[in-house]
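Record features, source Swiss-Prot:
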- 30-290: domain 'AB hydrolase-1' (DOMAIN)
- Ser105: active site, nucleophile (ACT_SITE)
- Asp261: active site (ACT_SITE)
- His289: active site, proton donor (ACT_SITE)
Amino acid sequence: MNTKLNVKGYLNVGDNHQLYYWTQGNPNGKPVLYIHGGPGSGTDEGCLKYFDLETTWIILLDQRGCGKSKTNDIFYENNTDKLVSDFEILRQKLNIKNWTLFGGSWGSALALVYAIKHPQVVDKIFLRALFLAREKDWSEALMGLGKMFYPYEHQRFMDSIPKAYQNSYEQIVNYCYDQFQNGDESTKEKLAKAWVDWESTLLSPINKIHSTATDFKLVEKLALLECHYAVNKSFLDENFILDNISVLKNKSIYLAHGRFDLICPLYQPLALKQAFPELQLYVTNNAGHSGSDANNLATIKHLLKTYL
């Protein structure tokens with residue numbers, strides 16, 4: 001019997017935001033909230049590749065300003081507290097008492113923030129490519145190890161920024177943020193494409209990955225929202241996750257992290273492991289940031305099959 005369910009709809013969360021959500025899998029199975037990354041990437045069918053849809057009910061939501069969600073202003077009331085609140089609104093709408101969280105990269109940070117604020121409704125937490133969402137983590141993602149491994153690609157990104165604004169991470173992101181909000185369309189498009197191309201370069205040291213978004217609006221959303229959250233330091237206290245992770249001392253947290261992750265280097269999961277010794281950390285060899293790297297994908301599937 002086919003137990004898969006495909007439900008789609010829009011969630012009115014106020015603030016002129018209508019959020020697209022959909023479910024896949026077995027509605028009688030274990031509910032798992034899939035929290036996408038970026039910020040700004042949205043969800044698609046590829047997000048389902050980690051899961052057994054015969055035993056799991058996957059709930060997916062395009063965050064504010066992302067994917068198929070609707071708004072007249074992607075920046076308005078778009079912050080971490082609001083995203084966390086949106087997950088709660090969705091959980092209540094779907095009449096889910098408790099659910100498991102799955103998040104990668106930015107989605108891993110959101111999963112931990114949500115769990116810290118709502119531990120009573122969280123069963124287990126599965127993460128990949130941990131991002132702690134501190135200012136130094138944003139700086140590392142944009143201006144860290146990657147430029148040493150891919151100097152020519154990094155220079156192409158820098159060429160999209162006037163030399164007067166290239167002296168520091170702060171100058172770069174503030175220039176980009178100003179242009180994304182106030183620049184002419186030509187400058188905005190050039191800058192957004194350069195931002196996403198640079199990030200795509202860093203996704204995998206194993207498989208060369210290029211930006212596959214042919215719709216400029218999708219590229220623009222990713223660049224604008226990543227910059228928005230970077231400039232605003234994730235709308236979190238600098239060490240919010242590490243300072244509050246002890247709230248989850250009775251929760252099982254599983255993390256698969258690529259050894260060669262150039263966007264979220266290994267120092268971040270090691271910091272979480274130090275603050276939360278109960279963390280089940282699996283460092284995947286010959287893998288980077290991408291969840292599609294073979295060893296990352298195999299490890300994530302193993303963790304979900306074994307411990308979910």
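Cβ atoms are placed via backbone N, Cα and C, with glycine included.
A C-beta separation below 8 Å, combined with a sequence spacing of at least six in one chain, links His289 (active site, proton donor) to Ser105, Ala129, Leu202, Leu203, Ser204, Gly258, Asp261, Leu262, Ile263, Cys264.
In this view, the densest Cβ surroundings among the active-site residues Ser105, Asp261 belong to Asp261, judged by other Cβ atoms lying within 10 Å.
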